[in-house]
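Some features that TrEMBL has for this protein:
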type	residues	note
TRANSMEM	89-108	transmembrane segment
DOMAIN	123-324	domain 'TLC'
TRANSMEM	129-147	transmembrane segment
TRANSMEM	162-183	transmembrane segment
TRANSMEM	204-221	transmembrane segment
TRANSMEM	227-249	transmembrane segment
TRANSMEM	261-285	transmembrane segment
TRANSMEM	297-316	transmembrane segment
REGION	334-371	region 'Disordered'
COMPBIAS	337-350	compositional bias 'Basic residues'
COMPBIAS	360-371	compositional bias 'Polar residues'
Amino acid sequence: MAIKPGLGRKTSNKNPPILSHEFVIQNHADIISCVAMVFVVGLMNESTASFASAFISLHHNVSGEEASREQPYGKPYTYVAGIKDYCAIFFYTLTCIIMHAIIQEFVLDKISKKLHLSKFKLARFNESGQLVAFYLLSFIWGTHVALREGYLGQVALLWEGYPAHAMSFLHKFYFIIQLSYYLHMLPELYFQKVRAKEEQQPKIIHSISGFTLIVLAYTLSFQRLALVLLTLHYFSELLVHIFQLIGVFDREERLARVRIVNNACFVLVRFATSVIGVLTLYYGICVSGGSYNLRAVIALIGLIAVQGYLVFSFITEQLRAKREAKREAKLLAAQSKKVKAPNKDKVKRKKESDLPEADQVSSSPVKQKLK
């Protein structure tokens, strides 16, 4: 019996053999959905509920009470980082892969079929489309948590009471999803058939560096600072990929003047990140004293190093874009000169052909010498 392609891949006339690479790639969303459903079904059985809840629920709560007669609304739970969080990261990594396939098939593929894009523009469209969805969700989520917890109104909350920084449910779940998303980028290289090294390398670096930086901030109790800085960073990256998406529709010339907004936003975000980092890690934790000065100093050095790398990459990219623009302008100028030269010869010949025959003969150099 032929197996029809499921979710998250293009249909093909040939049915690949079961358990082959092509079969797994074409049906990876359905396969992973079945694996995720095993954990969900495990919650319904008492014998497996405790095991399944380790992958689905959040753990390591330090305060909170359920609703009772004395307290009808109960008390909200607060959480800290712990070893069981990596079980939840594994489960929600599966969820991110499924959501990636849903967005790809039901949104991006339907739009790209109508646009008839080239291979290069299609790859850029798919990558930016996925990242815009992630950055937009993360920015809205991070802004909501920061406003709800009061981190923007009272900046001192970023360092007061460090390291006893318990997280609310939404705050902790935010970091679980962040880590899961960066981790899901690695298997997506296989599912999307990214084989070229020049395409794999930046995606692998993006995935590993993002996961490493967030997990360090999460485990070292810098969750409040990381939430604010990630929200700022995602706003800047959201603008970058929105401009890339619009550039796919052949509107680069119109966006040339508007890109200054993107560049200004990048510079402002980098400046704000450095200021908030120094204010929190140096003046908030180091100067106030305590046994965590070394940890804060190392975190501050790492933060400044990351900002320096991002600024260096930004300047390099701007210089490269200017060199390419000048090169393209020279090529266009050379091509226009080549086109104008034959046109001038044609016009001159046409004018000579319009003259009377006697004038054409007299215009020859031999006739002119005899005269």
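Quick reminder: no glycine exception, Cβ is built from N, Cα and C everywhere.
Pairs of Cβ atoms less than 8 Å apart link the transmembrane segment (89-108) most often to 162-183, out of 129-147, 162-183, 204-221, 261-285. Packing against the transmembrane segment (261-285) from elsewhere in the chain are residues 155-156, 158-160, 162, 225, 228-229, 232-233, 235-236, 239-240, 243, 292-293, 296-297, 299-300, 303-304, 307, 310-311, 314, 318: each is 6 or more residues past its ends and has a CB under 8 Å from a CB in it.
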